[in-house]
């Protein structure tokens, strides 16, 4: 029997949704409500190749959910709210409390709230979405799906920082990792494509968008990942620095007179590709600029690829080899140039990739390795919403 599930991503002033039929994993409708609580609130709903837009004042998430449900009914996408069997909600941080998705109860809500200091920008907004749906659709299961859960299988030696141990015990300071729902989806999909049990595969998953993270997945479990206590750690990103020497923070403060908060802002919003190039955080712009001979754009691309290279090499060593390299997310799926830069020179570890196949894949699924390559290289468009919907069915006992 099929279930209709809403996959929800609630922001502080926005609400993204997809209505998905499970187990067929068919997208029935998707939409976005923007500027909740602000002037110029807007709703967009897409279904059957059509697009509906409307503008009206939307004061809070409860009203936003009400309007969304009304539109789904008015547009004939569902007959009434009883057609919806469950909801799944993206929650950014589950800390160590949630090693897997969870059916939302009052206690689970409190636990998510208790993790606010680990994700002050995201968890409160995610929780607003959960509470709105629980209020308006009380008779169905609501499931929280955490970005961090997939990485809770990392061993201690991977997640602990070399700090006094009591900082971990007292304050929860450790590597958590992010993009877990995406890494989980593409690794499972890779096993499906290859027709092999995931338990037999060593996978390096490269989620490369404006934010980027690399994950080492051994036997279907995350054993390491590049992001850390926050999404600032790891590889160079669009505007985030990735890994730096921590002593640079007080040094920059001393040299510039800026506060720790201001320096952190620079590391999050003015660094990465934008910081090095001085022009853009968008890889498409930088590829164009590099073609035109702009040296700093070229340098930004070289640094970007070099950092990803480093993680791929270290994760191959960690797993004593690799069977599959996956590229996913906006850049990983669409930029053959970035993929080429990252794959260049990896023949020593059994990666033989086909430039022709690589240049033909943009946003579609497929192999870019030569048939004889011991390591398979696959482009897989991520689908976090489907993963959220699957977990809504599983943990909601639908």
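Quick reminder: no glycine exception, Cβ is built from N, Cα and C everywhere.
Since we're looking at a predicted model, the values are computed, not measured.
Database features, via Swiss-Prot:
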BINDING   9, 384  Mg(2+) binding site
BINDING   16, 207, 208, 209, 210, 211, 282, 283, 284, 330, 331, 332, 333, 334  ATP binding site
BINDING   90  substrate binding site
ACT_SITE  147  active site, proton donor/acceptor
SITE      179  site 'Transition state stabilizer'
SITE      240  site 'Transition state stabilizer'
Which of 208, 331, all binding-site residues, has a Cβ with the fewest other Cβ atoms inside 10 Å: 331
From 9, 90, 147, 179, 240, 384, the recorded positions whose CA lies within 10 Å of that of residue 210 (ATP binding site): 240
For residue 16 (ATP binding site), the three-state class that DSSP assigns: strand
Neighbouring recorded positions, C-alpha within 10 angstroms of residue 179 (site 'Transition state stabilizer') - of 9, 147, 284, 331, 384: 147, 384
Candidate with the highest Cβ count within 10 Å, taken from the binding-site residues 9, 210: 9
Number of Cβ atoms other than its own within 10 Å, given for residue 147 (active site, proton donor/acceptor): 25
Neighbouring C-beta atoms (10 Å sphere around the C-beta of residue 16 (ATP binding site)): 18
